[in-house]
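What follows is a short report on a single structure.
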Amino acid sequence: MVGAGVLTLPYAMSELGWGVGVTVLVLSWIITVYTLWQMVEMHECVPGKRFDRYHELGQHAFGEKLGLWIVVPQQLVVEVGLNIVYMITGGQSLQKFHDVVCHGRCKRIKLRYFIMIFASVHFVLSQLPDFHSISSVSLAAAVMSVSYSAIAWIASAVHGTAETEADYSLRATTTPGKVFGFLGALGDVAFTYAGHNVVLEIQATIPSTPGKPSKKPMWKGVVVAYVIIAACYFPVALVGYWAFGNGVDENILITLNRPPWLIAAANMMVVVHVVGSYQLYAMPVFDMIETVLVKKYWFRPGLRLRLIARTVYVALTMFVAITFPFFSELLSFFGGFAYAPTSYFLPCIMWLIIYKPRRFSLSWFTNWVCIVIGVLLMVLSPIGGLRQIILKIKTYKFYQDYPGLSHN
């Protein structure tokens, strides 16, 4: 649940400011824990039947065809978008590790080669067949995400107490810059809550009986996850912004340089984490690709199909990451465009259709508030992200290092 997007939260704060930033962080946490609870409850909303995929629940709520068209494109954008961003993050963190360890003594290596090194791990790991087989990778990723989040805010706190006071004015100086920066920051925050897309697949791995439904242990897991999310997200966002103000980079670990051994370790933790997270979000995509190839194109299921389909997918995400290495801007764009629907308001719409709460009751009102906030987020935040991408592309040369990503 703790995504690498946590590293961009201080940057988002620098575009929102203290008051709005804290409000957006807290509201996002409350709304997404509520919608996640809805997903867990709806997993077995029909007695004797389990909805093991997001699109299966969508089909139950919206109808066979409409459900597929509403959910699957959104889910694919989320998962493929995350995989591309994780490719960039993995390469970026490897490059920062190299730069910190070498400390100017080594020849500089371009970011694209680090992304290739990171991708090479996935060419192997992507051949693991299912969620059960990546459980150890997932555990390592979870431990690493908590560890590097702790390093990020503790190192920021040490820096903040040692340095002169930071500048807390908004990052942008022009009115359009402030508006678009604000919209983009909303997408950055939305991006950090992307766990809804795989929650049903994870719940499907938990045994369920009428006496012991899967929602009980699953909800316990969600509560623990969200307590850990709060313990990671809020200190990183608030302490990181307090320490660096509007001088913070898109990735807080890029801003931090001291002590070198700790920052190097934190960047390697990010690498291990995004290795696990990439696999977690790629697994449903592999499932979809292989199902389509078997059902529509009569491929035979087995090792050969897995080898070809998954290798091609990893190669494509690597190619896009190398071509467009814009970490924060991609977070903003994908965060609003795809994560807002799947994490903020689609569960609420499905809840209203399936459970039909009484009009103007607390449940009805709560769901409509979440839907309105989610729709506004979906419409507004991609505008900010897209503008930032366009501005960066004007000065960016393909397959050259993008200076906003890494520096000594």
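Including glycine, each Cβ sits where the backbone N, Cα and C put it.
Here is what TrEMBL says about this protein:
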- 1-384: domain 'Amino acid transporter transmembrane' (DOMAIN)
- 16-37: transmembrane segment (TRANSMEM)
- 111-128: transmembrane segment (TRANSMEM)
- 134-155: transmembrane segment (TRANSMEM)
- 222-244: transmembrane segment (TRANSMEM)
- 264-286: transmembrane segment (TRANSMEM)
- 307-327: transmembrane segment (TRANSMEM)
- 333-353: transmembrane segment (TRANSMEM)
- 365-386: transmembrane segment (TRANSMEM)
If you count Cβ pairs under 8 Å, which stretch among 111-128, 134-155, 264-286, 307-327, 333-353 touches the transmembrane segment (222-244) the most?
-> 134-155
Within the same chain, the residues 6 or more beyond the ends of the transmembrane segment (365-386) and with Cβ under 8 Å of it are 27, 31, 34-35, 179-187, 190, 329-337, 340-341, 344-346, 348-349, 351-352, 357
Most CB pairs under 8 Å with the transmembrane segment (134-155): which of 16-37, 111-128, 307-327?
-> 111-128
Contact check, the transmembrane segment (307-327) vs the transmembrane segment (333-353), 3+ Cβ pairs under 8 Å, seq sep 6+ | no
Give residue numbers and ranges for long-range contacts of the transmembrane segment (333-353): same chain, 6 or more residues beyond its ends, CB-CB under 8 A.
-> 5, 31-32, 35-36, 38-39, 42, 54, 57-58, 61-62, 70-71, 74-75, 77-78, 81-82, 85, 183, 186-197, 363-364, 367-368, 370-371, 373-375, 377-386, 389
Using a Cβ cut-off of under 8 Å, list the residues of the same chain at least 6 residues beyond the transmembrane segment (264-286) that approach it.
-> 3-4, 7, 53, 75-76, 78-80, 82-83, 86-87, 89-90, 93-94, 96-97, 100-101, 118, 121-122, 125-126, 128, 130-131, 134, 137-138, 140-142, 144-145, 147-148, 151-152, 155, 194, 197-198, 201, 253, 256, 306, 309-310, 313-314
